[in-house]
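Student: I'd like to ask you about the structure that follows.
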Amino acid sequence: IRCFITPDITSKDCPNGHVCYTKTWCDGFCSIRGERVDLDGCAATCPTVTGVDIQCCSTDNCNPFPTRKRP
């Protein structure tokens, strides 16, 4: 599987059986810039973090930088 990874937003190979994931959350600039986004690549299982929205997927390059409206 290939997953996008920030900061370069490049696609990299991940080990077999891993999932791609994207993290979004609000920081101190959320009201100005919108949610912060990290394309963290891949993990063996979908991680969970309190206060962070994590979306996981399991196909090549399925975690592109999300499009969203600016505040």
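Cβ from N, Cα, C; glycine included.
Pulled the feature table from Swiss-Prot, pasting it below:
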DISULFID  Cys3-Cys20  disulfide bond
DISULFID  Cys14-Cys42  disulfide bond
DISULFID  Cys26-Cys30  disulfide bond
DISULFID  Cys46-Cys56  disulfide bond
DISULFID  Cys57-Cys62  disulfide bond
Student: Using a Cβ-Cβ cut-off under 8 angstroms and a sequence gap of six or more, which residues of the chain neighbour Cys14 (disulfide bond)?
Tutor: Ile1, Arg2, Cys3, Cys20, Gly41, Cys42
Student: Only counting partners 6 or more residues apart, tell me which same-chain residues put their Cβ under 8 Å from the Cβ of Cys57 (disulfide bond).
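Tutor: Cys57 (disulfide bond) has long-range Cβ partners Val19, Cys20, Tyr21, Asn63.
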Student: Which disulfide-bonded residues (Cys26, Cys30, Cys46, Cys56) fall within 10 Å of Cys62 (disulfide bond) by Cα distance?
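Tutor: Final answer, ordered: Cys56.
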Student: Quick check for the class: what is the C-alpha distance, in angstrom and rounded, between Cys56 (disulfide bond) and Cys26 (disulfide bond)?
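Tutor: Here the two Cα atoms lie 19 Å apart.
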Student: Using DSSP with the three-state reduction, classify Cys30 (disulfide bond) as helix, strand or coil.
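Tutor: SS state of Cys30 (disulfide bond) = helix.
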Student: Expressed to the nearest Å, what is the distance separating Cys46 (disulfide bond) and Cys30 (disulfide bond) at their Cα atoms?
Tutor: 24
Student: Given the disulfide-bonded residues Cys3, Cys20, Cys26, Cys56, Cys62, which one's Cβ is surrounded by the fewest other Cβ atoms within 10 Å?
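Tutor: Ranked by other Cβ atoms within 10 Å, the disulfide-bonded residues Cys3, Cys20, Cys26, Cys56, Cys62 bottom out at Cys26.
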Student: If you count other C-beta atoms within 10 angstroms, which of the disulfide-bonded residues Cys30, Cys42, Cys46 is the most crowded?
Tutor: Cys42
Student: So, three-state DSSP: helix, strand or coil for Cys42 (disulfide bond)?
Tutor: strand
